[in-house]
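Chemist: Feature annotation from TrEMBL assigns domain 'Nucleoside phosphorylase' to 25-271. Per TrEMBL, phosphate binding site is recorded for SER31, HIS62, ARG82, PHE83, HIS84, ALA114, SER213. Taken from TrEMBL, the feature purine D-ribonucleoside binding site applies to GLU194, ASN236.
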Amino acid sequence: MKPMVQQAQEAAAYIGKRSGHRPVIGLVLGSGLGVLAEEIRHADVIPYEEIPHFPVSTVQGHAGQLVLGELEGQTVVAMQGRFHYYEGYGLDQVTFPIRVMKDLGVDRLIVTNAAGGINLDFGAGDLMLIQDHINLMFNNPLFGPNAPEWGVRFPDMSDAYDPSYRQLARRVAEDQNVSLREGVYVGLTGPTYETPAEIRMLRKLGGDAVGMSTVPEVIAARHAGIRVLGISCISNLAAGILDQPLSHDEVMETAEQVKPRFIRLVKGIIKDIRSV
Ligand SMILES: O=P(O)(O)O[C@@H]1C[C@H](O)[C@@H](CO)O1
Ligand SMILES: Nc1nc2[nH]cnc2c(=O)[nH]1
């Protein structure tokens, strides 16, 4: 058994002792989006540093705690803060929480992030339903010997972002009269934002939004047979579109502004996600 498999089982066993909640839906909350975890009822909050083998969050806007409880009638486990490749973690560490969620019983994952808008029709503050992703991290969390306990050697990625979940998200957005863009998320390593030339290239490659996360977690989730829905908060226009520098402050400010719509949309999806 790969050490990571054993470590994930140990982390899940520890969490199972700390909380009586048995989650079926996982939430990964991106920069500035951790506020959704405050909506979780009867919450058990476990700081990452208390969980065996868990990394710790180092980025502003990422609280660094696991929150288990009830949300819209479902039992959920939320990552209030995620790990990024650019923090210096290996992709096995970045995706370790997904493995632990699987061991906790999670079979559906909603992954969220703050991303730069590449598509010229997008504006800061838009929410984008992720149709698909392009992995430009030049790395993959499945490198090395495969762990058969987790999944197959060559996972299919045809429907990485579950078509039924995307249909559900569209319906919920329509019912809420919320504008929901759709597009392709391009995952880069960061931590630099892109150059204008890189954004022009990514647009030619078919990218609609660019970020520094999500891709590794989704690969690990699909490897483990977890169904995925992804939502990006377009926190800024990508480099070169506006004649102004990019900053994490802007990302956080936009996430703050998007908060009410984001929370309402994700709660609406959680309410019905087990029916699809
Ligand atoms: O965790 P996410 O992808 O939401 O965070 C994005 C990417 C970088 O970590 C940060 C840059 O401002 O926001
Ligand atoms: N790579 C990248 N990640 C982001 N996260 C929020 N905005 C951006 C951006 O413009 N580029």
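The backbone N, Cα and C atoms fix where each Cβ goes, glycine too.
Note that TrEMBL annotation is computational and uncurated.
Describe the structural surroundings of these features, if you would.
Modeler: For HIS84 (phosphate binding site), the number of other Cβ atoms no farther than 10 Å from its own Cβ, over all displayed protein chains, is 24. In the three-state DSSP assignment, the secondary structure recorded for HIS84 (phosphate binding site) is coil.
Under the three-state DSSP scheme, ASN236 (purine D-ribonucleoside binding site) falls in the strand class.
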Chemist: So around the phosphate site, SER31, HIS62, ARG82, PHE83, HIS84, ALA114, SER213 aside, which residues have their CB within 8 A of the centroid of those CB atoms?
Modeler: GLY30, SER57, VAL59, GLY61, GLY81, ASN113, MET212
Chemist: Could you state the whole-number distance in Å separating the C-alpha atoms of ARG82 (phosphate binding site) and ASN236 (purine D-ribonucleoside binding site)?
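Modeler: One finds 20 Å between the Cα atoms of these residues.
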Chemist: Taking each of the binding-site residues HIS62, ARG82 in turn and counting other Cβ atoms within 10 Å of its Cβ, which one has the fewest?
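Modeler: Comparing Cβ neighbour counts within 10 Å for the binding-site residues HIS62, ARG82 gives HIS62.
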Chemist: Under a criterion of Cβ-Cβ distance under 8 Å and sequence separation of at least 6, what residues of the same chain contact ASN236 (purine D-ribonucleoside binding site)?
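Modeler: Residues satisfying the criterion: GLY116, GLY117, ALA124, LEU246, GLU250, VAL251, THR254.
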Chemist: Do any of the binding-site residues HIS62, ARG82, HIS84, ALA114 touch ligand 2, in the sense that the CB is under 6 Å from one of its atoms?
Modeler: ALA114
Chemist: I'd like to verify something. Among the binding-site residues ARG82, PHE83, HIS84, ALA114, SER213, which ones have a C-beta closer than 6 angstroms to some atom of ligand 1?
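Modeler: Listed by sequence, the hits are ARG82, HIS84, ALA114, SER213.
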